[in-house]
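Undergrad: Pasting a structure here, questions to come.
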Amino acid sequence: MHSVILLPAYLAITVAPLVLAWMQDLPRRPVLDDLSSGLAMAAFAILLVEFVLSGRFRTISGRIGMDVTMRFHQLVARTALAFVLLHPFLYRTPFGPPLPWDVTGQSALDLDIRALASGMLAWVVLPGFVAISIWRDQLPYRYETWRLLHLVGAVVIAVAMSHHTLTIGRYSADPMLSGFWLALLSVAIGSLVYARVVAPILKARRPYRVVSVRKIALKTWEVAISPIRGQAHDFTAGQFAWLSLGRSAFSLAENPFSISSAPAGRPRLEFVIKEAGDLTDRIGSVRPGTVAYLDGPHGNLTLDGRTGAGIALIAGGVGIAPLLAIARQLEAEGDRRPLVLLYGNRVEEQIVYRDELDRMGRLPSVRVEHVVSQPAPDWGGSTGWIDRAAIERVFGFEGARDWLYLVCGPAPMLDAVEDALVGLGVPTGQIVSERFRYD
Ligand SMILES: Cc1cc2nc3c(=O)[nH]c(=O)nc-3n(C[C@H](O)[C@H](O)[C@H](O)COP(=O)(O)OP(=O)(O)OC[C@H]3O[C@@H](n4cnc5c(N)ncnc54)[C@H](O)[C@@H]3O)c2cc1C
């Protein structure tokens, strides 16, 4: 499936309940009543599809990138929240007990507490649910605790909204529309079961063990794993996987890391991990022999299906990890296309695999350029940030417009590099980037 059909498919699913409601041709109500029902139905559809968006399905994230998928998931959740919050305030039809002759609920809105209670539950839980996701980093609990809360909250909201819609919804009494809701609900539940039960079972069948953990730069470690039995996962250079170390395959404690070794290096897989929080601060104490599980590969920061007159790899800090895999794979394949690796760090001590990069930089088709923003007095290379000036200096620029640019690093660097490249005339289709944070 091509990525361009994903958005129309998404819109079709979220608009379908409105079309199915309109097709029923029920007796007219005030416009605001229908707007209220429409917003609630669109929000319900959006929230059910959220289960699919967060299910790590490669059909979706493999095409548009996991970071874009998750950003979309976050933005549409906020839209659904706005719709849900507005929903009860728009009705103009008075509340009251159902009238025997008013089967379509045209003259009175049913106040039955059993059906209203589930709607009120969703209405109260949803804002808190979205708020703890937006301000997750400010709250005093671990990322894994948030994941558990997110999972439980999502199920509570979906169940409450289903009950409310199917028992009280004016349009959802219709068999076509209630059938649509049941089908979408099954897809949502199926996605959840896949992500939390099926995928972990598949993971558990392919255990790895840590073979080495070593410090390779300031606050940066190399973790190598290899399969306990069978083949290592097949992946394309530049992809990442959720890695869990010393936990059950069902644990919520797993973190996304790019695979920094080349596919040619299988069965050994390597990761470059920077100390950045709960797990990564303790990564140096992980012992060889520790059991590891992988959920992956994911991501589309790869050369797959892309071409360019040359290949530019632009990395900031630990963003080097996926780009290293690409550079290593190109070397293993003897690829002769011009390759430039522009690698920025705050200090020289953060540069990983210095010797290997120096050796690569001496290959006829390869250039490796370092930029350091806080150089020591004896640093002989370029200084500053990876910005437009650095890009123009390294790439030229005229002849580099039709190169392929793969970019990975901190968010401000990504924004600056993407803006600079577009400003220099590189078509957006020639720029592929990946963010290491989903917010
Ligand atoms: C696609 C991708 C590839 C990445 N590749 C690398 C890499 O090669 N090397 C590297 O050092 N770092 C990489 N990261 C960042 C790395 O995942 C985080 O630094 C790490 O998860 C922090 O975990 P922690 O437990 O130490 O910190 P915590 O304090 O638990 O979390 C800090 C932040 O890390 C992020 N994070 C933590 N756990 C998860 C999770 N399960 N899923 C999504 N985000 C999470 C959240 O934004 C969280 O706020 C990558 C991130 C992504 C999204």
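Using the three backbone atoms N, Cα and C, a Cβ is placed for every residue, glycine included.
Remember, TrEMBL labels are computer predictions, not curated facts.
If you look up TrEMBL, you'll see 203-304 marked as domain 'FAD-binding FR-type'. The transmembrane segment annotation in TrEMBL covers 37-54, 75-93, 113-135, 147-166, 178-199.
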Undergrad: Sequence-remote contacts (6 or more beyond its ends) of the transmembrane segment (37-54), Cβ cut-off under 8 Å?
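TA: Cβ under 8 Å, 6 or more out: 10, 13-18, 21, 60, 69-70, 72-73, 76-77, 79-81, 83-84, 86-87, 90, 154, 157-158, 161-162, 165, 169-172, 181, 184-185, 187-189, 191-192, 195.
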Undergrad: Could you pull out which residues elsewhere in the chain have a CB under 8 Å from any CB of the transmembrane segment (147-166), counting only those six or more residues past its ends?
TA: 40-41, 44, 47-48, 50-51, 115-116, 118-119, 121-122, 125-126, 128-129, 132-133, 172, 178, 181, 185, 188, 192, 196, 252
Undergrad: Average pLDDT across the domain 'FAD-binding FR-type' (203-304)?
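TA: Value for the domain 'FAD-binding FR-type' (203-304), mean pLDDT as a whole number: 95.
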